[in-house]
RNA sequence: GGAGGAGUAGCGAAGUGGCUAAACGCAGCGGACUGUAAAUCCGCCCCAUUAUUGGUUCGGUGGUUCGAAUCCACUCUCCUCCA
């Protein structure tokens, strides 16, 4: 099984710098494990590694898409798998650095994702969307319950997106959504380093980074997304754009939008932490207050590499 | 000195006799997640405890009442206006 090193952690803890450090130390190349750094037209809100940072270690899966492209886990896993193969063949260590827990999880566990999202799929999805509007969430949930009680019991009826996805998968593949979720053996020998620090410190860093983004010209970038939003699918969901939409529409002040952005970022950090804590076997270290554990991890990685 | 107004959980803010440990928002915390995941959704949030239940609350004190954040008296603090 191929070895991959993973660096996970909430936004703004310092994953980029730490990843570079690891790459230099363990002869590695970095693969971005991030759902938003793939878009080449933007860089500020997504906190993409700077040119000089990218020069300090080889980076992959950055700038591979246009903001007008659709992108999802599927593309990520395909691309990452290929990069891992290439890097390993070169005799180097693949290091996945990123905050998108779902992507990392899917990569190492090789989740089955269901049928192709072709026209047929889109049609089914649209049908359920209409059903939801006509008959409401109760109806949709009952529908799922009749088809796949296990799945229905795991999805609250308020969670429309997941409800529709489950129903669509069942109809397009012919098998149960819950069946698709069977555990599979892991695909990689992964050592996962989790970066974290005291909550208060983390929030401080988040707030500071947002201010930095503002002086780097975030408004302009957000405006680009705002003015083309009809043609943009996933990229406009990034934190740092939608918070400014009401500002562009004169609903709120710039300061209010900035506060909103900080709020979204803090909440996001918490969601990330929850995901990593409960879904992945993470070796946690404090990346800000570097204690003994911080240095101990390098030794652990060495042991894991020679195993 | 005179006339009004306000004091509610960390903050903001509802609530004018029982259905109120007290709506709602913010802040804080926890959780779910198998093709939008920086998305989507849920829970906790006075104190103690397990789902339970118990205890102490609505500036303070004392009353009225079967029952008060809600009514009365006194009192403290703050705000506005007039002197």
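Every residue gets a Cβ built from N, Cα and C, even glycine.
A TrEMBL annotation is a machine prediction, not a hand-curated record.
As recorded in TrEMBL:
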type    : residues                                      : note
BINDING : A:9, A:10, A:11, A:12, A:13, A:14, A:15, A:16 : ATP binding site
BINDING : A:11, A:12, A:13, A:14, A:15, A:16            : substrate binding site
REGION  : A:34-37                                       : region 'Interaction with substrate tRNA'
SITE    : A:100                                         : site 'Interaction with substrate tRNA'
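Features per TrEMBL, on structure.
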residue	record	CB count, 10 Å
A:9	ATP binding site	27
A:10	ATP binding site	28
A:11	ATP binding site	19
A:12	ATP binding site	22
A:13	ATP binding site	26
A:14	ATP binding site	15
A:15	ATP binding site	25
A:16	ATP binding site	24
A:100	site 'Interaction with substrate tRNA'	20
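Across the region 'Interaction with substrate tRNA' (A:34-37), the DSSP tally of helix, strand and coil residues reads 0 helix, 0 strand, 4 coil. Spacing of residue A:16 (ATP binding site) relative to residue A:100 (site 'Interaction with substrate tRNA') is 14 Å (Cα to Cα, whole number). Cα of residue A:14 (ATP binding site) to Cα of residue A:100 (site 'Interaction with substrate tRNA'): a span of 15 Å.
Cα separation, residue A:11 (ATP binding site) to residue A:100 (site 'Interaction with substrate tRNA'), rounded: 10 Å. Taken as a whole, the region 'Interaction with substrate tRNA' (A:34-37) shows an average pLDDT of 97 in this prediction. Note: the substrate site is recorded as A:11, A:12, A:13, A:14, A:15, A:16; in the same chain, A:9, A:10, A:17, A:18, A:47, A:99, A:195, A:205, A:287 also have Cβ atoms within 8 Å of that site's Cβ centroid. Taking the centre of the Cβ atoms of A:9, A:10, A:11, A:12, A:13, A:14, A:15, A:16 as the ATP site, the nearby residues of that chain (Cβ within 8 Å, site residues left out) are A:99, A:195, A:287. Using a 10 Å Cα-Cα cut-off around residue A:100 (site 'Interaction with substrate tRNA'), the binding-site residues A:9, A:10, A:12, A:13, A:15 reduce to A:9, A:10.
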